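J.: Got these off Swiss-Prot a minute ago, pasting:
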- 84-131: region 'Disordered' (REGION)
- 110-119: compositional bias 'Polar residues' (COMPBIAS)
- 273-367: region 'Disordered' (REGION)
- 340-351: compositional bias 'Polar residues' (COMPBIAS)
- 658-750: region 'Disordered' (REGION)
- 716-732: compositional bias 'Polar residues' (COMPBIAS)
- 783-816: region 'Disordered' (REGION)
- 1377-1634: domain 'Protein kinase' (DOMAIN)
- LEU1383, GLY1384, GLU1385, GLY1386, ALA1387, LEU1388, ALA1389, GLU1390, VAL1391, LYS1404: ATP binding site (BINDING)
- ASP1500: active site, proton acceptor (ACT_SITE)
Amino acid sequence: MNNQFEVFRPNSYTYDVLAKQYTETIASSGHMVLSHHGFYKGNLNENKLKNGKGTFLFPNSIYSGQWNSDKKEGDGTLIILKPQKIQKKSSQSKSQQQPPSQTKKSSSPINLSPRLQGQNPTITTNGSNNNNKVNIESLINKLNDKFNQCEELINQTSQEEFLKQQDYYNGKWINGKANGIGCFHFSKDDSMHYDFWRYGVVIRYANQQNILKPLYDDSVPAGLLNSREILKDMMEDWKSVVVGDDDFPCTRPYLTTPTASISLNRENINIYSNNNSNGTTSPTSPSILSPTQVPLSPPKVNTAPSTLISEDDNNFTSGSGFCSPSSSLSIKMSSPISSGLQHSKTQPNVSQSQNQQIQQQQQQQQQQPSLLVNSTIVQTNTNNNKFNDLLINQRNQQKILKKQLLKSNQQKQSFGIITSNYLKSRLENEEKFFMTLILFISKWEIPFKSFNIPNNPSIHASFLIFVPDTDNCTFISLSNLIMQSNVLERLIFKLLIDPMSKVLNSTALNTLTESQTLGNLSTYNNNNNNTINNTISIGQSKSANSSPNKISPSVSLVGVSSLTTLPSSTPEERELHKLLPICLDLDETPHIEKECIASILNIFKLFPTIEDYQPPQFIPDTICKFISCFKKTRALENYLLQKQFQMSKDYFFKPTATTATPNNNNNSSGNSKLTTTTHLTNNTTTTTIVSGSKTLKRTKVTPPSQSSSSSSPSSDQTNLPSIAISSSNGISYKSPPVTSPPPTKPTFSVSLTTSNKIDISASNPNGNGMKLYGSNATTTAASSILNNNNNNNNNNNNNNNNNNNNNNNNNNNCGQRRQTVESIFPTFKQQSNTDLLTSLMQSTSISLSNKYSSSTTTISTVDQTPPELTLQSLNILLSQFKQSYLFPDSITLSFNYLTKQKENIEQMEKIIQSKIQLIQETKPKQQQLQQQQQKNLLNYSSSFNEYLTNHDNLIDSILIGLKNDLSQLQKSFEICLTLYKEMITQQIQLVLKRLKSAHSFINQLIGLPQSRVSKLPKDFIVRFIKHTHRIIYQLYNSANNTFIKLDNEIKIDIDEFIVQSNDLFSKLPNGAITTNGTTMNSIPSPVSPIGSPPLPSISASVYEYFLGKKSSSSLTLNVSQQQQSSNSLDRSSVQFEPSDITPGPFSFISPLDKIIEEIMSGHYQLILPVASSGDDLLVSVVSLGLIDLRSYLSSNNRLKEISKSSLIQLFNILLHSTVICHNINSYLPEVFKTLILLLPFYPKKDELFIKYKEIFIGFMELCVIDELCGFSFIYLEFLGLLVKPKKKGLRKELKKEFVELFPIQLFIDIMEKPIVDATNKNAEKTRAQAAQILINLSISSIECLLEVKSKNALGPILDICKFGQAFAHTQIEESELQILQFLGEGALAEVHKGIWKGKEVAVKIFNEGSFSFRLEDFLKEVAILGLISHPNLLKLKGACIAPRSHKSTFMIVTELMHKGTLLEVINKNKPLSLEDIIKYALSVAQGLAYLHSVDFIHRDIKAANILVDKNNNAKVGDFGLSRVIDNNFNMTAVAGTPKWESPECLMGEAYTSASDVYSYGMMLFELATGDEPFLEIQSIVELARSVCDKKLKPKISSSVPNFISSLIKDCLHNSPKKRPTMNQIIQKLCNHKC
């Protein structure tokens, strides 16, 4: 082991570090470093920062994995240590083995400057002073001992048994936090849970869109269209919530000066070193540094170091072994908020009192002028005593600070993984953190009305944060975590025992205790003659010196609207007034809620406070624990379920709501004026009856049959003012305008209007305003854009730094591409609820307006008949209904708690009474004292009396305390009893209101027409009634409990509701329910209520009908815990009524690591919220998942099996996601690759183009601008499929519109754009795809082909085809062909008859073994056959191009010409009739005329290359020698058969269309005579001499008709210019034919 230690300082650090190099397993970059923050073993980079693989021991955790510049980056594991389970074998140091004489401290200083000068300081055993050598060795032994202990612990962490006992995370890390897919291990149940992590927390997606819609509607869910960058914004807010949560809270403070501990010995002072400007270290003069001076800690941070070599070596790893100063850091943040629960930036810190103590001690140290002693003082004998005193003083101060730091180290850090324990610790230790977290939850999870920060109602898709709960081995949401915190209980505790936290008039209390009992507090409040705006709180009265107590607004939060609260303005009451509606399930009608809270708080204030008496903590704790029984345990689940149920009701029933303005005017006449108000709230719809000036707390419940609306559970829309809230922690809140619930399935008639068609000029740096697309587009415009784009790219590259050229290019390009996407779709970005894409994505008909204006998109809705109820939808509604209307568990819990409390109090009373009796008996009586005085013979009576009196007083104080304890104990039970009556009364009233809403919904079901419920069982309504029947039965039992009697009014309300609901209950199998005022003897005992699931659970058991299998588990809404196996999707399900439910996977709250599996299972709507999340990491995960989706769809012919409706929905969703997602690098290419796979099976391509052409324009602009990103060639391939010829693409009219939007010249410019960077493979692919689009357009339209020809683009297209980069044919697999009999052969190929797709075809198989075969010729012939299309040209069916091997084949598949070649027809039917001659000649002439019109020259026209079908139609074939006429150069004469070639071709001159006319004349000679021309000539030399020099012509028989003979002579004219054109030949043949 290397014993040499070095002290160095990285450039970014403000202090030195102590390190030790090791070489056993790692190269020279391996170091071990010890610090106050922990111990590191691993690699360091050239800047001495952690880089590469390494392990760091934090105070309470261990990270092992990849590092990047001091940040956890890459793959790694964080172990959350359990200190009590860490077994560490401490090795015996060498200093302990040495004799005391050798370890004795020397009194003379050590001079280490020779080893420190000019290099990093080191500590070795090679000292020059023998007297100090032993001391240095002892120091090094101590350091080695520490390093060995840490290494031992690191080795222990790699053991499987050790890991099994720890909670740990294993996965991806970015910037020191868990980011990406990772798994978390719970040690208690040894389970692994895979999730998607972001910034140290788990992110899951809550599908709040109506799940019934996918059953009926294949279009894109409209509610998801407006969601953009939700996750990105949420995580930015989350970073503000947990601000300051770093691994090393200071500026790079992962190590501090190691000499802080060494300086305790005067002999070791010279180890200090200073930081030079260049980042190196140099030795300093001997000095003593205070704990607050540099380099011990960075400036402006209050901290104090713990020693590396602690005086108590045994405490090194005992929870605070590393003594991290981070826990004591506290950067003060100023805040204008004075309340105890205020919103502010918070970070982990110690309590304020601890900070103040540390600051005071530091100030005292700084005020000591002699604390910093220079070297001259140290070396002066006269100052030795003073130096020693200061040294001792410093040691004592360090001990004090160390103890404080050890205490502050209990404040936990997350170290990249935020757990529930971490958040709870911050909630308990930071007063402001609770408000910060509440505001975050109110914005992103549950809109808390008391804080007036609801989340955006237009966001139907939201992401939720979950954190691991190591105590319960599950994941818990933030809203449920808040309910588990003790903030509410702490405030109640303070309100109970602190007399300054409550204002209670003693006169009112006396009056109350004399005239009212604790059991009639609610009656006392209801009998007040004041209105709600002038209510006197319970326990208070008007005094002569005070104004009437009114419910006044409290002190507002920053930007939050005022809230009415109690007459008192104490902070505790104001905060409880805000927290009680959050934590308790209260009636959310505003004035009823205020009254309920006022009653609760005033009951708390009845707890007496006795002067000079502090009650035992357990006494007020009983009240706090009792209130905890009423806290919400499933806040998030209930909110999401109620929201989902409301959406389901709106989907099946037209939303109706009765609203009225509350009557705020007092009725002085006393006449009862009734005003009914319906309030839509988060939990329920509450109806309040206001009678004159008196507000009744109890509401008479009207019969369900008389109700006209169903509005419970409530929607999340609340009539709150729209305000902007800016908090000090950086989270911005703005309450959006209230929107109505989504209507029932509408029919849209859309008129689209935009300001302008998106044109390329928006991104043109020259700003010339030229449009790229449209009928007015010009070639110059497209060319200039491409040139400008090249210039921009070059300029950007030239402006980058040389050192970081590649990185800067990538970053700049990414930023520019993102800005480009946002600029391309400005219309889509600006619109919200009336989004253009909302209309584009509808499945109904859409009319596009040709006139564009600046107005927004208008959507007119037409009512449509609601969907029919099926068995599946009924079961979903039933499950939602049961989960939305539940019997409160708090009633049972509170009752059980109260009964146990009564038993405990009775026992305590007996014990206290017995103690009081015993103590009273021990007190001496007065008679005994007098007798003792008489017997006292000495004069000690006064002393004796004083002694006895003091003891008597002590006994009296004990008696008073016990009596007070007994009184407080009794009072606490009375308060709990009163609270029980108050809370149960409120709960029963709230449940009755919700049951009224439930029965209204049931009546709606009963009133449905038979046509909508024809598929349902006759008794389907009974299932709903059974559930409400069970709840009312339980309410009845609770109200009639003999142990605690409630008010008779509550019982009357329940009886009245039963009577009013008798019609519904009569439908139950047991018949009608009867009641005799207060009895319900005829009600059968229902099944016990459904138990509540564990607190942190949230899974999708509401919708288990989608899941793959069935079970008999209870209908509870469990939050989805990940399956331990990461390879399979959670298929747990619930048995519904009935059980015949179509299986299929679905999760209400989806773990994002399973998002691809759910998408592959058919839930394509989940793509949109992920794509629009704005989180690049999550989008990249889905991008990789799309690869698996394509593989899944491609295998086993799944694309052919998928339904058309599902395919349309998937296609539309993917296409829409490309607009709302701006991730060009990974997402857009993968999406369009998937669209390319789906497009051939898309049944409505014409409608697709009409809907999305505006989007296609935008992406075409992006394609032109952003070629280097790898998106251009993919998008061009997509467009190429869209314009495929015939029925595979758009119809002919839409292709014309396509060409108007995307001019031909645009694709020609892309195809001919020079490739500057040879390494850019995408550029070549882009050229090929542009050529492919031109090919498809040319095949589909002769006009496009002529335009391509006129722009001289056919040659480049064929060149691309020649190399197999583009194809003008259908690609046929060899396995698809069935080769039959042989038909013939030529020089390069043989022809067979074949079968393809059940039809007869001709298969031309090229002979690869032939020396003359060239693949280029084969591909060229295929391309020519594919490009041209004419009735008199051989029709190409496709081609088979197999990989070149010894078994490979290259085949062309054409239509089968049954009669063979024209030569064979001539030979069989010689001589031909004039009619046949004219027919064949005219057919060939028409085919050649078409070829010449598109600048093709056949170059081998003869009877052997003309084919005849069964209808005697002649068609030109064998295009192997065809060439494209290029005006820029002459074609060579190396062409077809010499005897048929023109004289100029034989002479080597240019080959033109006139050459084909000459060959056509020779073919006409064959038709007329039946003979081959120039039979007498046998050599090419003789042929050339005869034809070129002698002007020899073939001899025409006299039997040939004159006009045929004349036509032959004209075609064989020696001068090409005097030969007729093919069109002239056609005219002559047609004239003679007529």
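Using the three backbone atoms N, Cα and C, a Cβ is placed for every residue, glycine included.
Values in this document were obtained by computation on a predicted structure and should not be read as measured data.
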J.: Which one of these binding-site residues, LEU1383, ALA1389, has the sparsest Cβ neighbourhood, judged by other Cβ atoms within 10 angstroms?
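T.: Taking LEU1383, ALA1389 as the binding-site residues, the minimal 10 Å Cβ count falls on LEU1383.
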J.: Only counting partners 6 or more residues apart, tell me which same-chain residues put their Cβ under 8 Å from the Cβ of GLU1385 (ATP binding site).
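T.: Set apart from GLU1385 (ATP binding site) by at least 6 residues yet with Cβ under 8 Å, we have VAL1391.
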J.: What three-state class does DSSP give ASP1500 (active site, proton acceptor)?
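T.: Going by the DSSP assignment, ASP1500 (active site, proton acceptor) belongs to neither helix nor strand, so it counts as coil.
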J.: Just how many other Cβ atoms lie inside 10 Å of the Cβ on the residue listed as 'active site, proton acceptor'?
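T.: Taking every protein chain into account, the count is 20.
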J.: I'd like the number of other C-beta atoms within 10 A of the C-beta of VAL1391 (ATP binding site), please.
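T.: Taking every protein chain into account, the count is 21.
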J.: Over the span of the domain 'Protein kinase' (1377-1634), how high is the average pLDDT in this prediction?
T.: 83
J.: Could you give the Cα-Cα distance between LEU1383 (ATP binding site) and the residue listed as 'active site, proton acceptor', in whole Å?
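T.: Roughly 21 Å, rounded to the nearest whole number.
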J.: Can you grab the distance from ALA1389 (ATP binding site) over to ASP1500 (active site, proton acceptor)? Cα atoms, rounded to a whole Å.
T.: 16
J.: Tell me the coarse DSSP state (helix, strand, coil) of LEU1383 (ATP binding site).
T.: strand
J.: DSSP secondary structure for VAL1391 (ATP binding site), reduced to helix/strand/coil, please.
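T.: The three-state answer is strand.
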